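The feature active site, proton donor/acceptor is assigned by TrEMBL to GLU96, HIS244. Sequence annotations record features per position, and here TrEMBL assigns active site, acyl-thioester intermediate to CYS130. Here TrEMBL flags SER207, LYS249 as CoA binding site. Taken from TrEMBL, the feature domain 'Hydroxymethylglutaryl-coenzyme A synthase N-terminal' covers 15-170. Residues or ranges marked as domain 'Hydroxymethylglutaryl-coenzyme A synthase C-terminal' in TrEMBL: 173-250, 251-407.
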Amino acid sequence: MSDNSVVAECPQERAENVGILGIDIYFPNAYVDQTDLEKFNGVPEGKYTIGLGQLQMAFCSDREDIHSICLSVTKSLMDKYSISPKEVGFLAVGTETSIDKSKSVKTVLMDLFFESGNTDIEGIQSTNACYGGTDCLYAIVVAADIAIYASGPARPTGCCGAVAMLLGPNGAVMFEPRLRATHMAHVYDFYKPNLSSEYPIVDGQVSIMCYLRALDRCFQLYTEKASKQSVSAGIDTFDGILFHSPYSKLDTYNDRDLKELLTTISKPMFDQKTNPSLMLTRVVGNMYTASLYASLISYLISELVDSLTNRRLLLFSYGSGMASSMFSARLSQDLKVVSKLVAGIVDIPDRLRARHRVSPQVFEGILNGRESAYNMDRYVPTGPIHQLMKGTFYLKSIVGKYQRFYETV
Ligand SMILES: CC(C)(COP(=O)(O)OP(=O)(O)OC[C@H]1O[C@@H](n2cnc3c(N)ncnc32)[C@H](O)[C@@H]1OP(=O)(O)O)[C@@H](O)C(=O)NCCC(=O)NCCS
């Protein structure tokens, strides 16, 4: 293992200050511009860019699927932070992008550990959220989705993206222990009952209502729990307030004047505590399961690393259907630890600039292609390989019996 490795020797006692030691994101190398999409879809200018606050949307061709994007982000995380495959003891994937009703995406990621001989890696797959960490072992958590909607008002709020995180003791972002508020309920706001389609059934307005109701409930419960533990939960005590962000402008009131007044009053607080976390949402889109962690990444690269130490963050995670949680975290006081974390993601602005802008016509064509190839047991993708970034895993072919084979660029 190299000197800059973040994985030290396996501790024997109970792990302390468990948190995020390394983080990386994968997003496709192609995007459609939301102004182009407004014209193409014949909606009023500004509806997606101002109304939803979205500037660009990443998407992938038939060359990529949930396996390939998880392979890409996990391999990249391991390379960037010099994680030895032998020292990972837990790996879990959070996703709702299913291409198999039984075999988990996690099992596909075991290919990355094959040569090391380490097969002693717990964790499987979860839809909605993923919590994990085991004494003495380092954990990798991958959150990834291909978020695409059928034609209609929801389509501009899609995307494709994956976040991988290395968790372990003495993290750079440490979760505050025993302080988590959860709100779960049975609602039909967004769900995927049609197993022969990649698209969800979504009631957009209901989903916004459910999201905001869950946010209110979680915050109320969080403050109650914090008060019982004599921990401060006032908004002022948080330097950053980060959200699951399906798009960057969600609001709750029907009264336009009231909405404008409240937006004006809260603007300084929003600009300071939340706006820095929305960069990736605006230019990549809604990564579903990965969305909150993309917000964390945006926040971490929004300022010079020296100013990040010891900051306190409040985070809200929402999954339709519904499952939601609010929890808090603190950045380490140790600048070296925080710098190591941020070093893995400073290349993001360059990666964003290197992407290809694709016309809405091509984008629609690609989505139609994905639609007709969905669920085929034999298939050779046609999406261009040369446009993928170096190191990206891609689907080479589905060779019968639905078995998928991957290569890297
Ligand atoms: C979000 C969603 C419901 C929007 O659908 P829509 O029918 O286009 O919604 P609207 O007509 O209300 O337009 C959206 C916003 O753009 C605004 N808008 C419309 N035209 C505009 C224009 N020309 N210029 C500026 N703003 C405009 C609307 O006023 C509205 O803003 P408001 O909510 O502040 O009133 C839809 O994209 C969707 O279903 N997305 C998927 C579900 C989702 O992401 N849910 C979130 C919870 S997880």
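Every residue, even glycine, has its Cβ placed from backbone N, Cα and C.
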In sequence order, those recorded positions of GLU96, SER207, HIS244 whose CB lies under 6 Å from ligand 1: SER207
Cα distance (Å, whole number) from HIS244 (active site, proton donor/acceptor) to GLU96 (active site, proton donor/acceptor): 15
Residue among recorded positions HIS244, LYS249 with least C-beta crowding, 10 angstrom cut-off: LYS249
Secondary structure content, the domain 'Hydroxymethylglutaryl-coenzyme A synthase C-terminal' (173-250) (per DSSP, counts of residues): 28 helix, 20 strand, 30 coil
Local confidence of the prediction over the domain 'Hydroxymethylglutaryl-coenzyme A synthase C-terminal' (173-250), expressed as mean pLDDT: 94
